[in-house]
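Going by Swiss-Prot, these are the annotated features:
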type: ACT_SITE; residues: PRO2; note: active site, schiff-base intermediate with DNA
type: ACT_SITE; residues: GLU3; note: active site, proton donor
type: ACT_SITE; residues: LYS58; note: active site, proton donor
type: ACT_SITE; residues: ARG262; note: active site, proton donor
type: BINDING; residues: HIS94, ARG112, ARG153; note: DNA binding site
type: ZN_FING; residues: 238-272; note: zinc finger
Amino acid sequence: MPELPEVEVTRRGIEPFVAGRRVERVDVRTAMLRWPVPAGFAEMLRSREVLRVERRGKYLLFEVDAGWFIVHLGMTGTLRVLPNDAPPPAPAKHDHVDWIFDEFVLRFRDPRRFGAVLWHPRDAGDVHAHPLLASLGVEPFSAALLFGRTRGRTVSVKQALLAGDIVVGVGNIYASESLFRAGIRPTTAAGRVSLPRYERLADAVRATLADAIERGGSTLRDFVGSNGESGYFQLDCFVYDRAGEPCRVCGAPIRQIVQGQRSTYFCPNCQR
């Protein structure tokens, strides 16, 4: 699943192309995604200028004068910028939505169709009040926020990172990597982690996400950036998907456990 770095990599790749450009038309080939593409979506965007593209958690928010169209990549989604040749490149089976500009096509592909393309009209208020965005955690977050919101919670610190209401956009890969960098065992109860340790964790999360963005995200199966290139952060992971391999720091075998139906990787020596 694309996590925050992959979504930010996509945003940075797309915005220079679309900001200040008008959508000539929209082709919706598959309306039944995770939620249905709104009726009349293509007509609402015809000849609209894209003002900017921002990210909130794992959502991409494309602002036009009449509102915002919101894109979520789901489990397997990608947004790619393709040259608008004559004719435009033919869509494949899982290419569900095209935004046609004068010189290029922005194409949404999603084999599993867990992604979404939604519309938030300006007269409905600020887009950040949209039901899918309003409950997301704070960006950027702080150690004090982590510490305060986890008091009394018995859930593991890794599961707290994944919950989305405290820290937004940190998925399974980056939670495991951040906990390793902070030296915190993922099974530790979130409410028992001290403020100094949360300070290390907050720094580790920020550094891990920044490194992942710089490396184009992680490509484990489907993700490619807007230019079609794979990310390579996964090649430098300390613990993720390295069960049984030696720790890059101490040499101890990396362990794998399951938490909340997701695989967790950690070093039993470096993480306490």
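Just so you know, glycine gets a Cβ as well, placed from its N, Cα and C.
Between the candidate recorded positions, ARG112, ARG153, ARG262, the densest Cβ environment within 10 Å is the one around ARG153. Taking a C-beta cut-off of under 8 Å and a sequence gap of six or more, LYS58 (active site, proton donor) has these contacts in its own chain: PRO2, GLU3, LEU4, VAL7, HIS72, LEU73, GLY169.
A C-beta separation below 8 Å, combined with a sequence spacing of at least six in one chain, links HIS94 (DNA binding site) to ARG109, ASP110, PRO111, ARG113. Separation of the C-alpha atoms of ARG112 (DNA binding site) and ARG262 (active site, proton donor): 19 Å, rounded to the nearest whole number. Confidence for the zinc finger (238-272), expressed as mean pLDDT, is 97. Taken residue by residue with DSSP, HIS94 (DNA binding site) is part of neither helix nor strand, so it is coil.
Residue counts for the zinc finger (238-272) under DSSP, helix first, then strand, then coil, are 0 helix, 12 strand, 23 coil.
Between the active-site residues PRO2, GLU3, the minimum number of other C-beta atoms within 10 Å of a residue's C-beta occurs at GLU3. Distance noted between the C-alpha atoms of ARG262 (active site, proton donor) and ARG153 (DNA binding site) is 20 Å. Max Cα-Cα distance over the annotated DNA binders (HIS94, ARG112, ARG153) is 42 Å.
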